[in-house]
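As recorded in Swiss-Prot:
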type     : residues                                               : note
DOMAIN   : 4-202                                                  : domain 'Glutamine amidotransferase type-1'
ACT_SITE : CYS81                                                  : active site, nucleophile
ACT_SITE : HIS176                                                 : active site
ACT_SITE : GLU178                                                 : active site
DOMAIN   : 203-395                                                : domain 'GMPS ATP-PPase'
BINDING  : SER230, GLY231, GLY232, VAL233, ASP234, SER235, SER236 : ATP binding site
Amino acid sequence: MHDKILILDFGSQVTQLIARRVREAHVYCEIHPNDVSDDFVREFAPKAVILSGSHASTYEDHQLRAPQAVWDLGVPVLGICYGMQTMAVQLGGKVEWSDHREFGYAEMRAHGHTRLLDDIEDFTTAEGHGMLKVWMSHGDKVAELPPGFALMASTPSCPIAGMADEARGYYAVQFHPEVTHTVKGRQIIERFVLQIAGAKPDWIMKNHIEEAVAKIREQVGDEEVILGLSGGVDSSVAAALIHRAIGDQLTCVFVDHGLLRLNEGKMVLDMFEGRLHAKVVHVDASDQFLGHLAGVTDPEAKRKIIGREFVEVFQAEAKKLSKAKWLAQGTIYPDVVESGGTKTKKATTIKSHHNVGGLPETLGLKLLEPLRDLFKDEVRELGVALGLPPEMVYRHPFPGPGLGVRILGEVKREYADLLRRADAIFIEELRGTTATAQDAAAGLCGEADVGKSWYDLTSQAFAVFLPVKSVGVMGDGRTYDYVTSLRAVQTTDFMTAHWAHLPYALLGRASNRIINEVRGINRVVYDISGKPPATIEWE
C-alpha cells in the first residue's frame with residue numbers, strides 16, 4: 001500500500017503542477033475538490049494534505065474552506081497561496097486586502113530556520129539573510145498569524161509570506177512552489193512530502209506494472225476488451241499494459257482516417273502485431289473521412305466531423321466483436337481532472353475530453369482506464385518499462401484529428417500527402433541534428449543540452465500546410481506551388497510556449513529538402529509566434 005498525499009483543489013489553474021511535483025518525488029497523490037466530506041478525508045488516510053491556490057478571495061467566498069477533518073487528522077498540512085490564507089482564517093488568524101498586490105517574480109527572505117526552508121536559498125544578502133526567488137500571484141495577504149504560528153518568510157510587499165506551526169506540522173507559503181519560476185520550488189515540495197510528512201518514495205513506474213496488471217486481471221476476469229489504438233503515446237501504453245495483463249483477450253482497433261503521419265500505420269502494426277503479437281484490426285477509412293471533410297473549412301467543424309466519423313467507424317467494428325464486454329481507453333490523470341471527472345462533483349470542467357464520455361454507454365460496454373491515475377511523464381516511463389521503443393514513447397504530441405487541423409482550410413488527400421512528406425523531413429532533420437557547443441555559445445540551448453538531438457530539445461514540432469501558392473524558380477522554369485510552415489516550440493506544461501530557436505543550418509537543410517523532395521511545395525517559412533498570443537497548433 002502506497003503512502004498518499006491529499007491535494008485539495010480550491011480552483012487554481014496550476015493545481016496539477018502540485019501533483020506533478022509530488023509524483024516527481026515518487027510519492028502517490030490525488031487531487032480532490034476542497035469541499036469533500038470529512039468522512040472522505042478520514043477514509044483517504046493521507047500522510048499529509050496540501051491546500052492549493054485559488055482565484056477566489058477569503059472575503060468573497062466563505063464556502064472555500066478545507067474540511068474540518070484536515071485539522072483533526074494530526075498530519076502535516078501545506079497551504080499554498082489561497083491555501084495559506086484559508087489556513088490562517090480557519091485556525092484563528094486574519095486575512096485582509098493587500099495594498100500592494102504581487103503578481104510575478106519576487107525575492108523572499110526566509111525567517112526562523114524552519115524545517116521546510118532551512119538551508120534552501122537562492123542567494124544570500126550582504127547582511128547574511130537567505131533569499132529565495134519565488135513566483136507570487138495574490139491580492140490578499142495574511143495580516144495576523146493564527147495562534148501557535150511563527151513567521152517563516154517575508155517580502156517587502158508581503159510581511160507574512162510564509163508561516164509555520166512546527167509543533168503541528170502546519171506550513172504555509174504565499175508564493176507558488178509548484179511553478180518552475182520558483183527556482184527551489186521542487187526542493188521545497190519534496191522536503192515537505194519526504195522529510196516532514198515522512199512519505200515513502202515508492203511510487204515508481206517499473207514497480208507499478210505488477211500492481212496495474214493485477215488490477216486489470218481482477219477487473220476483467222475472463223471477459224474480452226476492445227481498445228481504439230491511435231498510435232499516440234497514451235493508447236499505445238494502455239494497449240501494451242492491458243496486453244501484458246490479459247493477452248489475447250484484448251483486441252485493438254486501428255482506424256486510418258487518412259490524416260496520419262508518414263508510415264504511422266505501418267509502425268503501429270509492426271509494433272503491436274509484430275513485436276507484441278497483439279490482435280489488431282486495421283481499418284482503412286480514409287475515403288469515408290476525406291469524403292465528409294470535402295468543402296469544410298471551419299476548424300471546429302472539421303474536428304467535429306473527424307470525431308463523429310471515428311465514433312461511427314469504431315462502433316461498426318466493435319459490434320463485430322460480440323464477445324467484448326469492456327472498452328479500454330488511454331485516459332490519463334489530467335483528462336480526468338480537466339473533465340471534472342474526479343471522485344466528487346465539485347471540480348470545474350475546463351474542457352470536455354473525448355476519452356471521458358460517450359462511447360462506453362453507446363456500446364453498452366464497461367470502461368477500462370488503466371492509466372487514469374498517471375501523468376504524461378509517468379505514462380512515458382511506464383511505456384519504456386513495458387518494452388515499447390523510446391521513439392514511440394517519447395514522440396511529440398499529435399492532435400486527435402491528425403493532419404486535419406494542420407491543413408488550413410479544406411482538407412484534401414493531395415494536401416495530406418504533401419504535408420505528410422514535408423513533416424517527415426522536418427522531424428528527420430530534428431532527430432538527426434545534435435546541439436553543439438557553438439549552439440550553446442549562441443544561446444540556442446544550455447551547455448547541458450550539447451549532444452542531444454534537437455527533436456529531444458523541442459517539446460513539439462511539425463509542419464503546417466498553407467492552402468496558398470507562391471511563385472518560385474526551379475532550374476530555368478517558373479513554379480507556382482504551395483507553401484508550408486514549420487513550427488517548433490519549447491514548453492514545460494503546454495499552457496504557455498516559446499518558439500524554438502533552432503540553428504539556421506538545420507532550418508536551411510529542412511527547407512532545401514522539402515522544396516527539392518516534395519513536388520508541389522516551393523516555399524518554406526518558420527513560425528516564430530509564442531503561446532500566447534498564438535496557440536501551438538494552427539487550428
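Numbers run from 1 along the shown chain.
Cβ coordinates are placed from backbone N, Cα and C, and glycine is handled just like the others.
Those residues of the chain, other than SER230, GLY231, GLY232, VAL233, ASP234, SER235, SER236, with a C-beta within 8 angstroms of the mean position of the ATP site C-beta atoms are LEU229, VAL237, ALA238, GLY330. Each of the binding-site residues GLY231, GLY232 was scored by the number of other CB atoms within 10 Å of its CB, and the largest score is that of GLY231. Ranking the recorded positions GLU178, ASP234 by the number of CB atoms within 10 A of their own CB puts GLU178 at the top. The Cα atom of GLY231 (ATP binding site) lies nearest to that of GLU178, taking the active-site residues CYS81, HIS176, GLU178 as the candidates. A sphere of 10 angstroms centred on the C-beta of SER230 (ATP binding site) encloses 23 other C-beta atoms. For SER236 (ATP binding site), the Cβ neighbour count at a 10 Å cut-off comes to 24, with all displayed protein chains included.
The Cβ of SER235 (ATP binding site) lies under 8 Å from the Cβ of LEU227, GLY228, LEU229, GLN329, GLY330, each of which sits 6+ residues away along the same chain. CYS81 (active site, nucleophile) and GLY232 (ATP binding site) are 36 Å apart (CA-CA, integer value).
With a cut-off of 8 Å between CB atoms and residues at least 6 apart in sequence, the same chain places VAL14, GLY53, ILE80, CYS81, VAL134, TRP135, MET136, SER137, THR182, GLY185 near HIS176 (active site), listed in sequence order. Within 10 Å of the C-beta atom of VAL233 (ATP binding site) sit 24 other C-beta atoms, taking all shown protein chains into account.
In the predicted model, residues of the domain 'GMPS ATP-PPase' (203-395) average a pLDDT of 87.
For the pair formed by VAL233 (ATP binding site) and GLU178 (active site), distance between Cα atoms is given as 25 Å, rounded to the nearest Å.
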